[in-house]
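J.: Okay, so TrEMBL annotates it like this:
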- 1-25: region 'Disordered' (REGION)
- 56-182: domain 'Potassium channel inwardly rectifying transmembrane' (DOMAIN)
- 73-96: transmembrane segment (TRANSMEM)
- 153-177: transmembrane segment (TRANSMEM)
- 189-342: domain 'Inward rectifier potassium channel C-terminal' (DOMAIN)
């Protein structure tokens, strides 16, 4: 095997590529699946209008906003919403007592003749807040209770109960939705930090591995990928990549209980062939999507990750994922993301990538 430098492999094209003098590209999708795309930069005059429009859109999707918040913000919103509701109606009850003249009555058990006390024993704002709290939580009235002869008190009581029930239903639904989110189950799916290029079933393939960290199996597992490659003018071109699993081809895996190794053949029909086997210098990112169904509920979950050029190892293979114990039972190898040198050499027309750059060609 002899090698040639990358300048001879790429010819004069690499020297004139604008990507070599431009700043290093950041990834579109982080390793844990979050989008790293930055928002559009706006002129100073348009910042205010764009910001207000963004807030309006967020408020219109209030349910999605609350469910997508972190737990600490959901708990803060839970406490703040109820305290605000209690304080608002405490002010209304206190205002009603003031307008009705109840605050001037010395003895609510023996009011002046002709005076109807709307709510007994609301003589201060503290008492009004306590009555608002009792009404909302249906604790049960003691010495403070609304009078049936005061229509204003009955109307305010009905409004507080209706709004309180709506608030409780919204907050309870948000809690249940966050607890039952399928995305939490996707957190137990883990991808190999590196992808490898090596021989698989007699052909050169790009391979990656995924594992299910929980003992609860997933079913109907599908893996797809998109190649984002930078073309002229910094335009990102999207191309679908077909990944296969053993002899299942592109059929979904019916049972996900041990680490799975997915492969993509790097033949001349592959969109990755120019970047990995011909040594083109265009920036690219492979974004991988794994979707599966939970066996118990049938809910769908998805996990994402991405691989850059420098995260692809050449002439490597994954170590065996399963082993046998003394009783002949299958066991998952704790080092199943480790790689080893490939036993078979790569195809002779592939470039060996050193530190993410095409530096040598195998002949």
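Here, residue 1 is simply the first one shown, and the rest follow in order.
The backbone N, Cα and C atoms fix where each Cβ goes, and this holds for glycine too.
A quick note: this is a predicted structure, and the numbers were derived from the prediction, not measured.
Give me the local environment of each listed feature.
T.: Taking Cβ pairs closer than 8 Å, the transmembrane segment (73-96) reaches residues 66, 102, 118-119, 122, 125, 128-129, 131-133, 135-136, 152-153, 156, 160, 163-164, 167, 171, 174-175, 178 in its own chain, all 6 or more past its ends.
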J.: Give, as a single whole number between 0 and 100, the mean pLDDT over the domain 'Inward rectifier potassium channel C-terminal' (189-342).
T.: 86
J.: What does the DSSP secondary structure composition of the domain 'Potassium channel inwardly rectifying transmembrane' (56-182) look like, as residue counts for helix, strand and coil?
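T.: So the counts come to 87 helix, 2 strand, 38 coil.
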